[in-house]
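Data first, discussion second: the structure below is written as structure tokens.
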2 protein chains.
Amino acid sequence: MALQVSPLAPESYPDLPVIAGVRFATAAAGIKYKNRTDVLLAVFDEGTSVAGVLTRSKCSSAAVDWCKANLGGGVARALVVNSGNANAFTGRKGQQSVEQTAAIAAKAVGCSVAEIFLASTGVIGEPLDANKFSGVLDTMAAALSDQPWMEPAKAIMTTDTFPKLGTASIDIDGVEVRINGIAKGSGMIAPDMATMLSFVFTDMPIKAEVLQALLGQHVKSSFNAITVDSDTSTSDTLLAFATGKAKGIEPIETLDDPRAEIFGEALRDVLFDLAIQVVRDGEGATKQVAVHVEGATSDESAFRIAKSIADSPLVKTAIAGEDANWGRVVMAVGKAGEPADRDRLSIRFGDLVVAHNGERAAGYDEAATSAYMKGDELELTASLGLGEGRATVYTCDLTHGYIAINGDYRS
Amino acid sequence: MALQVSPLAPESYPDLPVIAGVRFATAAAGIKYKNRTDVLLAVFDEGTSVAGVLTRSKCSSAAVDWCKANLGGGVARALVVNSGNANAFTGRKGQQSVEQTAAIAAKAVGCSVAEIFLASTGVIGEPLDANKFSGVLDTMAAALSDQPWMEPAKAIMTTDTFPKLGTASIDIDGVEVRINGIAKGSGMIAPDMATMLSFVFTDMPIKAEVLQALLGQHVKSSFNAITVDSDTSTSDTLLAFATGKAKGIEPIETLDDPRAEIFGEALRDVLFDLAIQVVRDGEGATKQVAVHVEGATSDESAFRIAKSIADSPLVKTAIAGEDANWGRVVMAVGKAGEPADRDRLSIRFGDLVVAHNGERAAGYDEAATSAYMKGDELELTASLGLGEGRATVYTCDLTHGYIAINGDYRS
């Protein structure tokens, strides 16, 4: 099925700089389709530290299990990603497949299997034949390049309608440090620890433990704050690789190092940029929606209420219909199971107060609200009036496009 | 918007018998539309006991609050239901509206306001003008009838495409006891204690406390086991009225009375019948789906996993597309957050084993499975292999019809 490019696709793509110590290649290995780029090999110089957050699904894929086992080592030499087959729910065959893939990659790159990280995305339940990687990874390892980043971003796409790239650079100790990131994801998006697949690369010298702590912190307000369809993937994988090749900087060894916060903010910018791109490429999306909850009893409570609103099919179809149906927001607050007092609840669409203290706002302006709903970037705010807890969840609308993509898809 | 009748609508409707002690009338009060039946008044003889289960939404409607306050009394003389306006999130105005409506009804019927029960369904956030009931309820009270039950069933419909009626009769102490029920509901269906609206009437003599206990018990496997779109209503109301007019039966005074179980089973049959009709009239539904979970660590855990599968947009769109995409069932088990072991998980579509012990079943027959998916009543079973916990949740598929109904609906 040929998918129309999302109306929310970016008008242009950023030109990502070289990250010293990172080289890559892409290839068509015929995983599912012929003549379609479906494998990414990224190779890192020695001394690269790695951190990751992975799906909490009880049915995680074989590649996720592999990464979990190897993250403890904290060092990476290569990443192999394939699209077209998730290698999830493939039992012992799946485990053998990742072992064999890692062995082929380790031989091609010249490192130990524990330094290989793997990710797979695509159909669930179909055994992945690792033999498909066998000549391919050798050829790729002999043709590595540090540019252009558009290639790896495209190689990991499945139902995505546009490639997702993000970059940031910061000054640390007078040296320019770079962070590049790529992501894929469009449906089955309600990340519990990460999105479908995202990989971030930096030349910052930073200890794996510190990188892990920063990643865990900033995933909360980026990938873990988005939802397309409330369905959490078996394959969610976010990995960050730090080559340490930015010259003349002492490594960050602890979280107390004041540079950790500066680096963390830049990392967060890249993660957030990529996460929003995933929402903007949500299956069938025509509008991007930020759902803010404030005045909740805690931030966690605010997050669960925001998620309840952002996941509600009735809220999302109303947005698709450009209908200022704030009653459905009331419903979604009410069903969240979190502390809420109907008679203190107020709701805003953009800056327009539509409901106040438990009933329609006195100054409710239907024409202005309807006009606001025609925009393609909307902000809904539910103000609970109970405490200081706040959170934001990002989502998209629910349209005929989502049904067409997922009701016609053949496993 | 004229809605097409659900393809899952019944071919004929049951002919409900008279329930001694129950009379009713319907009328068009112009609540939202002109010339559309939108009010039901049911009047009960003195001595009628009442029980109810109401939404747990934190944003419950004014009518729900009214019923909660009056259920403690255990006696009912009248029920007033309107469609077209939910009187939810209407603040002090909503409360005044129910008080005024109850006063009008109490005067028309000749009872105290505490014996009046109210339910409203329709748009959220729009004040309900109780003056609309003022002449109407008097006229209705003067024109009560005990037949035909099709009229009250139709009066409470909103986006329903067919009226929902159920009946059962049982022999208690050699006497025929009757139970009739009606329900409405199509969207915003994920009842937490009851469905949108359902009313059950019986001539059984039974104490309110016992009726309440039986209702609470049997709602679990009926209304609380269905979901159309995971969105819980602000107005969910299930009320049961027992007139006690079945002649020559001693009242059931305690749950220990062996007749409580017999009566409870018949009550459950009516509740279940109505609940399934709500699923079969789910907005846009073309298929009815029973999701069974077995082998979970507890019944509660099994229920949460079954709900996760039944609420998954990706599972529901696959069913709409007649796609035997069991990988999405794996995903939904994995995201439920309940104990599950991927490598013990097996999945059946009907009697066809599609996945076994964590991978595609050895004897997986794609042609047979695809043929099975073309049916309009499907059974999916996830077998966890961990314990004895089991549960079933009933749902429908997610189609373009749902988007059309909810994306075009104007508040």
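A Cβ is built for glycine as well, from the same backbone N, Cα and C atoms used for every other residue.
Just so you know, TrEMBL annotations are computer predictions that nobody has curated.
So that you can see what the record holds, here are the features copied from TrEMBL:
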ACT_SITE  B:Thr195  active site, nucleophile
BINDING   B:Thr158, B:Lys184, B:Thr195, B:Glu283, B:Asn406, B:Ser411  substrate binding site
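Proximity to chain A, taken as a Cβ less than 8 Å from one of its Cβ atoms, holds for none of the binding-site residues B:Thr158, B:Lys184, B:Glu283. Taking every protein chain shown into account, B:Thr158, B:Asn406 are the binding-site residues, and of these the Cβ with the most other Cβ atoms within 10 Å belongs to B:Asn406. Cβ neighbours within 10 Å of B:Glu283 (substrate binding site), excluding its own Cβ and spanning all shown chains: 29. For the recorded site, B:Glu283 (substrate binding site), the DSSP three-state label reads coil. Reduced to three states, the DSSP call for B:Asn406 (substrate binding site) is helix. The Cβ neighbour count for B:Lys184 (substrate binding site), using a 10 Å radius and every protein chain shown, is 27.
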